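Read through the structure below, which is laid out as structure tokens, and then see the notes.
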Amino acid sequence: MSDATNASSPPRDLWVMAGMLIAAASAAVASFTGLRGLALITGWPTRLAWLLPVTLDAYAMTSARVWLASTTRARRARRFARANAIGAIAASIAGNATYHSVTVGLMHITPPIVVLVGAVPAAVLGFTAHLHALRTLVEPEDVREDEPEDGAAPAEERPQVRTRSKPKRRPRPRTEDELRTAARDADTAYRAAHDGRSITRDELRTVLKISGTKATELRRWLAAEGSQPESERPTA
């Protein structure tokens, strides 16, 4: 068993491991110095100023671990950890940049900076509690999608019922005589409801459900028909 495990694991490069250790240690010390200095110039007590770099950098590493660890199965926890890891790293970078900018006189400490630095512990505490709750959460989506639910047949074994949809029949286009008859009826009904006034173009378009151009044409036809004697009007 041990031979198979050793054969499957990639070989370790001691130079790479040493380089990573040195880089991580030096970066941690440098970041610690910058964030501690930022805490001091924003009003933190001297004996507690070291807690700011520990809070930020430790939370960044913890969130990154939860994000990338194979033991994190809840998708919500992985997404939340990813957002928090990126946010904590960005906050650490911003804090170090702010401290060095203030040190060389490029910027001054303003009330918003003091408020943001002072809010870091409370924010990290809340995020940590939420991350812990999500990490221990078992979500329904953690179940493999190809596994059927209890009592359900697998997708490939389920009978597929095909339903034929009836093609929709398009309405038969109306002829010119039918449109004129419908326009005349609509005009008669409109006159009866509006004290003898002839139907308008928009009303004709709405009633007959036709285009504006066709409604204008029929409106002119109705006007021409209305000017003729009743005996000379064509019958439908």
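Glycine is treated like the rest: Cβ placed from N, Cα and C.
According to TrEMBL:
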COMPBIAS  141-150  compositional bias 'Acidic residues'
COMPBIAS  161-172  compositional bias 'Basic residues'
COMPBIAS  173-198  compositional bias 'Basic and acidic residues'
REGION    141-198  region 'Disordered'
TRANSMEM  14-35  transmembrane segment
TRANSMEM  80-99  transmembrane segment
TRANSMEM  105-127  transmembrane segment
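Note on the transmembrane segment (105-127): residues 38-39, 41-44, 51-52, 55-56, 59, 84, 88, 91, 95, 98 of its chain, located 6 or more positions outside it, place their CB under 8 angstroms from a CB of the stretch. Through the fold, the compositional bias 'Basic and acidic residues' (173-198) approaches residues 204, 207-208, 210, 214, 218, 221-223, 225-226, 236 of its own chain, all at least 6 residues removed from its boundaries and within a Cβ separation under 8 Å. With helix defined as DSSP H, G or I and strand as E or B, the compositional bias 'Basic and acidic residues' (173-198) counts 18 helix, 0 strand, 8 coil.
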